[in-house]
Amino acid sequence: MTVRKPEWLKVRILSEDLNRMEAFLKNMALNTVCQSANCPNMGECFARRTATFMIMGNICTRNCRFCAVEKGHPQPLDEEEPRRVAEAARRLGLRHVVVTSVTRDDLPDGGASHFAKTIYELKKLPGVTVEVLVPDFMGNEEAIRTVVEAKPDVINHNVETVPRLYSRVRPKADYIRSLNLLKKVKELDPLILTKSGIMVGLGETEEEVIEVMKDLRDIDCDMMTIGQYLRPSHKHIEVAEYVTPEQFKRYEEIGYKLGFKHVASGPLVRSSYHADVGLSLARG
């Protein structure tokens, strides 16, 4: 049975801003996760002249059942892409830049060196802070080290859901491997802020969400995002429930009590939604 979408999840799309930003990105030959994942905040973010750049193409090597990004055989890396991302950030006047990627299990380092090159290019821009949302690199510690040594301000890696639902929601991923990545970042450089996020509405319980929060705090994760899972198409896993704004507020309060420096919890919250604000609050 299909669960009806509530009023609090209906958003107005600002088509003029959307069209303008999409034309700019097309001209720069760049992808955003905003477009590839059909993000509900795309109109608002594009109106604010912010976007999350998605590097290493727009085809993923995994088949997570919640994700709208295309699956298949990716193209070779574009060596000029890191420079173009930095140029786009400069032209848009961005002060905080978020970079993510598809998962590239076909590459020896999972694309870590490409992330590092992009971070180095962005760090050339005066006063710019950089946040990266990385895949799990199949647990490759050298790959994680490569990204850490490029010194982004924030390294985000989403655990996405509670452990019980992994086999159904993201069968090629591993909950412990994801926790270990975030733990390794802190071991290598305690000054880098770490961040993770989950979707709710997939059939998890409140107790399971709280356990994930505790697991993240146990590895000194600084920031957390919690948002509603929205089904991209009939091919994707169904929504089990639409979590109320009141429950999201409760998760936020619990997160702060557990010691997170910043918690963004709401129906439309996504990993990089108002990430600049999150960084500022986390730094105090």
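Backbone N, Cα and C atoms are what each Cβ position is placed from, and that goes for glycine too.
Here is what Swiss-Prot says about this protein:
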- CYS34, CYS39, CYS45, SER272: [4Fe-4S] cluster 1 binding site (BINDING)
- 46-261: domain 'Radical SAM core' (DOMAIN)
- CYS60, CYS64, CYS67: [4Fe-4S] cluster 2 binding site (BINDING)
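Along the domain 'Radical SAM core' (46-261), the predicted structure has mean pLDDT 91. Annotated pair CYS60 ([4Fe-4S] cluster 2 binding site) and SER272 ([4Fe-4S] cluster 1 binding site), C-alpha to C-alpha distance, rounded: 19 Å. The DSSP secondary structure for SER272 ([4Fe-4S] cluster 1 binding site) is coil.
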